[in-house]
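What TrEMBL records for this protein:
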REGION    19-64  region 'Disordered'
COMPBIAS  29-43  compositional bias 'Low complexity'
TRANSMEM  72-94  transmembrane segment
DOMAIN    81-525  domain 'Major facilitator superfamily (MFS) profile'
TRANSMEM  114-143  transmembrane segment
TRANSMEM  155-173  transmembrane segment
TRANSMEM  179-201  transmembrane segment
TRANSMEM  213-231  transmembrane segment
TRANSMEM  243-262  transmembrane segment
TRANSMEM  407-426  transmembrane segment
TRANSMEM  432-459  transmembrane segment
TRANSMEM  471-491  transmembrane segment
TRANSMEM  503-521  transmembrane segment
Amino acid sequence: MGKGGFVFRPENFLLPKLSEGRGRESSYTTTTTTTTTTTTATTKAVNGENSGDEPAVDAAQDQQQQQQQEDVFSWSSVILPFVFPALGGLLFGYDIGATSGATISLQSPELSGTAWFSLSALQLGLVVSGSLYGALLGSLLVYPIADFLGRRRELISAAALYALGALITGFAPDLGLLIIGRLIYGLGIGFAMHGAPLYIAETSPSKIRGTLISLKELFIVLGILLGYLVGSVEIDKIGGWRYMYGLSAPIAVLMGLGMLSLPPSPRWLLLRAVQGKASLQEYKQKAITALSNLRGRPAGDKVSEKQIEDTLVSLKSSYEDEDPEGSFWEVFQGPSLKAFIIGGGLVLFQQITGQPSVLYYAGPILQSVGFSAASDAARVSVVVGVFKLLMTGVAVLKVDDIGRRPLLIGGVSGITLSLILLSAYYKVLQGFPIVAVAALLLYVGCYQISFGPISWLMVSEIFPIRTRGRGISLAVLTNFGSNAVVTFAFYPLKEALGAENLFLLFAAIALMSLMFVYLVVPETKGLSLEEIESKILK
C-alpha cells in the first residue's frame, strides 16, 4: 500500500481488465471428500500467461493443492463461530418485525396499558425510528475504536446494548425512557452489524465464507419473521408491546455468553501485534491457538501454524514503510478508497433503488391494487417475509458456487424490471392488478439473491485488513443513513412525483446500479482475504 492518495481512473475499475491475462480472478473448482482433495482445473490466468510453460502450471497446481489442504476444517467447529455473531443480525431483524406490531399495541387505548397511548406523529416516529438513529450513532462511535475493541469484544458489547435496550424498552414507565431504550437498542444494532460480518469473514474458511456471511442475512429475515410471529401472538394482550420488545433480551444474553466462549479473530490478533500494541510472539501464538480452535484441529497444529505465518507475512508487507497506526483518513486513500467505492457503493445502491420504500410499504402497495388480504397487515408481512426467506436461501446455496457477480447482475436486472413494471402499472396497467403483485414479488425475490446478502458479503471481505474495521463502519453508516433518507423521503416524493414517476426514478437508479456492478464490482469467490487485498485492490 503506497503512501500517496488513490487516483480514480476508469481502468482501475473495469472488470474485464481483471481477468485478461493478469491473474485477477482465480477460477478453479475443488471437490473435497474425507480422504482426498483434488484440483480439477487451474486458474485461467495461469493458463493465459504461461501457455507452454509446464513448470509454472505445475507450480500453480501445487500451490492450489496446498491451499486446499490447509483449508480443511470441521463443520462442527464452524457452526458456533457463525451462529453467535449471526444472532446480532437476528436481533436486528426482530426489531423490524416486532415494531410493526408494537406500535399498534402501544397506541391502543384498550391494549396499551399506559396513560400516554395517544402519541403524536413525531412521538410515534421517534419510537419507530429510535433504533435507526441509535444504529447511525453506533456506526459513528465504532469508527475510531473498532481495531481497539476487536471483533469479539465489539459483539459482546453489542449483546450488552441489545439486552439493556430491550429491558429499558420493555419496562419503560414513560415515553422518554421508551425512546432512550430504543436508542440504546439501536446502538447494539450499529455495533452488531459492524462486528458480525467482520468476525464471520475473518474466521471462516475461504471456501464457505460467502455462504456463511449470506446466512447472516438469512438470520435477519428469520428475525423479522420471529418479530411478526411474536407480534401476532401478543397483539391482543394488555401491554403486549412490552413483551414484543422485551423478548429480545434473553436472545441477547445468549449471544453475549456465546461470544464469550469463542476465541478472538486470529487476523485481529496479528493486526494488533503488527501495530505494536502487543508482543508479536505472544499474539502470534494466541492466533495459532485461536485458528486451531476455529477449525476443530489439535491445539498448535502445523497447518494452523503455517496459515498464521503466511497471514503474518502478508500483513507485514502491507505495513512496510507505513505508520503502523495509520491515519484517521486512510480509508479514503489508495486501495482502501477503492474498497470503499466498491463496498460503500453496493450498500448505497442497496437502499436508493427503493428497498425501504418497496418493502416497508408492501401492504399499501397490495391494498392499492385491491387485494383484501392487504387489510390484514400481519398476514401480508408474513407472506412477504416467508418469500424473502426462501429467496435468501437460494443466494446462500449458490453464492460460493456461481459467485458474487452473477447473482448481483441477475438480481439487479430483475429489480430494474420490477420497478419498470410497477411504474407501468400506475401509468397504464391499472386494470391488471396482477402486474403490481408480480412486480412486488419479483423485486423482493431479486433483492434477496443480490443486494440483500451479497452487498454485506462484499463489504465484509473487500477492505484491506489495515482499514477493515473503519471501512466497514463507514459502509454501515452509509447503509443506515441512506435507509433513513429513502424511508422518510418516500411519501413526500410520492406526492410530488406520483407513484408512477417515483418508481420510474427508482428504476433509473437501479439501471445505474447495474452498470456500477458490471464495471466496478470484482469477483471474490474462492479467494482468501489476503488474496483479495493483493490481487484485486492492488
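Positions of Cβ are set from backbone N, Cα and C atoms, glycine also.
Heads up, TrEMBL stuff is auto-annotated, nobody curated it.
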In contact by Cβ distance (the transmembrane segment (243-262), the transmembrane segment (503-521); 3 or more pairs under 8 Å): no
Leading stretch by Cβ pairs under 8 Å, where the reference is the transmembrane segment (432-459) and the options are 72-94, 179-201, 407-426: 407-426
Range from 72-94, 114-143, 213-231, 471-491 with most C-beta pairs under 8 A to the transmembrane segment (179-201): 114-143
Leading stretch by Cβ pairs under 8 Å, where the reference is the transmembrane segment (471-491) and the options are 72-94, 114-143, 155-173, 243-262, 407-426: 114-143
Any contact, the transmembrane segment (72-94) to the transmembrane segment (407-426), with at least 3 Cβ pairs under 8 A: no
Ranked first among 114-143, 155-173, 213-231 for CB pairs under 8 angstroms with the transmembrane segment (243-262): 155-173
Same-chain residues at least 6 beyond the ends of the transmembrane segment (114-143) whose Cβ lies under 8 Å from its Cβ atoms: 95, 99, 103, 106-108, 149, 154, 161, 165, 174-175, 178-179, 181-191, 193-195, 239, 469-470, 473-474, 476-477, 480-481, 483-484
